[in-house]
Amino acid sequence: MSEQEVTYSTVRFHESSRLQKLVRTEEPQRPREACYREYSVPWKLIVIACGILCFLLLVTVALLAITIFQHSQQKHELQETLNCHDNCSPTQSDVNLKDELLRNKSIECRPGNDLLESLSRDQNRWYSETKTFSDSSQHTGVHERPISKAEGKGRGFEKYWFCYGIKCYYFNMDRKTWSGCKQTCQISSLSLLKIDNEDELKFLQNLAPSDISWIGLSYDNKKKDWVWIDNGPSKLALNTTKYNIRDGLCMSLSKTRLDNGDCDKSYICICGKRLDKFPH
């Protein structure tokens, strides 16, 4: 009986200890649940507050970025305005530099200006020695110069010369061969006329006599080409292919065209010379 009691008592003790443990383990759970419930409400408030704060920070950063962008744009526009002002408004140094360049340029141009003044004086001097030979010529600047007896050689042939621009022209109405006209021009320290360009050709055709006149263009058999008497260059564009050298090796001028013919024929002589080639 005693062993059974001990055994029984042992079993009861063991069960009671388990019950006590169960009771002990169950007792602290209630305050934990209460504690969790107590702390869960403030944590949600903190999260909401942090979210609002982050949103405000994002809005602030966005506003700052927009402000900085606008400021940079305004600064860029201001810089462009200043650059344009600097480029468009000459500074004092630029003005001084331009003045210096103008002074240097005027010094460089003085020889040319002196030459132009000299030519102008020569032209005025030649014009002062001339007289108008026709009413129509008054609008063209054409003037006739009286021919001396020595120049006319007493033959009474009509002669006149006129200056236009930088060139002077001498018309000798005494008909001569091409070689005779060349010699006549050389006696007067002139040369048979060389036409420099198309404008001069048209001008001479309007004022030339109705008769054909010899000019200083002839065919060179050695060069196989048409050359001017002084071998100088000319900007006059000539279609030399249309001139058949069998018709003649010397060129003449009429009111309508240039034409080649027999050099032994007798035509009017046209001499010419530039004003800057006359002796002072």
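For all residues, glycine too, the Cβ spot is worked out from N, Cα and C.
Per Swiss-Prot, topological domain 'Cytoplasmic' is recorded for 1-44, and the stated evidence type is sequence analysis.
Residues of the same chain that lie 6 or more positions beyond the ends of the transmembrane segment (45-66) place no CB under 8 Å from a CB of it. If you look up Swiss-Prot, you'll see 45-66 marked as transmembrane segment.
Residues belonging to the topological domain 'Extracellular' (67-280) score a mean pLDDT of 75 in the model. Among the features that Swiss-Prot reports, topological domain 'Extracellular' is placed at 67-280.
Marked as N-linked glycosylation site by Swiss-Prot: ASN104 (among others).
Here Swiss-Prot flags 156-275 as domain 'C-type lectin'.
Annotated disulfide bond per Swiss-Prot: CYS163-CYS168 (among others), in sequence order, evidence recorded as experimental evidence.
A sphere of 10 angstroms centred on the C-beta of CYS269 (disulfide bond) encloses 28 other C-beta atoms. Residues annotated as disulfide bond in Swiss-Prot, with experimental evidence given as evidence: CYS181-CYS269 (among others).
Swiss-Prot lists CYS185-CYS271 (among others) with the feature disulfide bond, giving experimental evidence as the kind of evidence. With a 10 A radius on its CB, CYS271 (disulfide bond) counts 25 other CB atoms from all the protein chains. Annotation note: CYS271 (disulfide bond) sits in a strand segment as assigned by DSSP.
Annotation source Swiss-Prot lists N-linked glycosylation site at ASN239 (among others), citing sequence analysis. Counting every protein chain shown, the Cβ of ASN239 (N-linked glycosylation site) has 7 other Cβ atoms within 10 Å.
CYS250 (disulfide bond): 25 other CB atoms within 10 A of its CB, across all protein chains. Under the three-state DSSP scheme, CYS250 (disulfide bond) falls in the strand class. Under the heading disulfide bond, Swiss-Prot lists CYS250-CYS263 (among others).
Counting other C-beta atoms within 10 Å of each candidate's C-beta, the disulfide-bonded residues CYS181, CYS185, CYS263 are led by CYS181.
Between the C-alpha atoms of CYS163 (disulfide bond) and ASN239 (N-linked glycosylation site), the distance comes to 28 Å.
Between the C-alpha atoms of CYS271 (disulfide bond) and CYS168 (disulfide bond), the distance comes to 8 Å. Cβ neighbour count for CYS168 (disulfide bond) (all protein chains, 10 Å cutoff from its Cβ): 23.
Here the candidates are the recorded positions CYS168, ASN239, CYS250, CYS269, and by Cα distance the one nearest CYS185 (disulfide bond) turns out to be CYS269.
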